[in-house]
């Protein structure tokens, strides 16, 4: 046999034998590698909407926010009869003169500490 | 010969991304896909099982640490890992060559299996052992290049990237390595069953 024949065929046969007999992967090595992976695994990074949901307090927090918003809009559009129409009075500058507005002023002063008559 | 396709390459990068996002299953899959090949390469280059296991574990550890900063598309995960393993092996070989105790030769092949076809397996194991002994007589860089090309099945450009040399240098390393291997192994062909194969 010439060396060139061995180069082309015989040597490849040795390489094929090496590829066909890979060293086994020891179970303890795999366990060590996985332990390293667990120790160095970055913290889970949830999607932005999950982060926002958690920042707002989850279902309870978001439910409260929605309820408060709806009630606020409802009161603003159709305030109950026994509540002063503060927004309308402040904007219109009608904070005095009538018996009704005086009662409202007393209520504000007693409850919130505002003395609207000083202004 | 195992050569990764583009799909497989993307799969490794995607698994690494999943690991970086906290998916433990991805770590297990990456370990199953990549660690045995790293161990095999290190074992063939170093010829010492304990050292090869340390190298494979260290390479995977560096991959876990790199995961959060991994940039997909810049490097192939397996090539990056082979490069880490090659460098770790080179460091250990240099320490050996500087006077440390060399690692003992471990049989790469498994013991013969007493089942039908056992004779063929024994012959393959004997050839693999003979190749391993011949490989260990090569200069370190030739050995690394030959193992990467002809056992791990990487392309010359990939090997050039791993060994940090040009493609022509890789071709030269593998050609010289194969000539040296052929010179050693051709004398053993009768003992290794080549008469039966018609060689």
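Yeah, the Cβs are placed from backbone N, Cα and C, and that goes for glycine too.
TrEMBL does not curate its annotations; it predicts them automatically.
As the structure is a computational prediction, the values presented were derived from the model and not from experiment.
Listed in TrEMBL for this protein:
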DOMAIN    B:32-97  domain 'RNA polymerase sigma-70 region 2'
DOMAIN    B:129-181  domain 'RNA polymerase sigma factor 70 region 4 type 2'
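The DSSP breakdown of the domain 'RNA polymerase sigma factor 70 region 4 type 2' (B:129-181) into helical (H, G, I), extended (E, B) and coil residues amounts to 42 helix, 0 strand, 11 coil. Look at the domain 'RNA polymerase sigma-70 region 2' (B:32-97): DSSP puts its residues at 57 helix, 0 strand, 9 coil.
Computed over the domain 'RNA polymerase sigma factor 70 region 4 type 2' (B:129-181), the whole-number mean pLDDT of the model equals 96.
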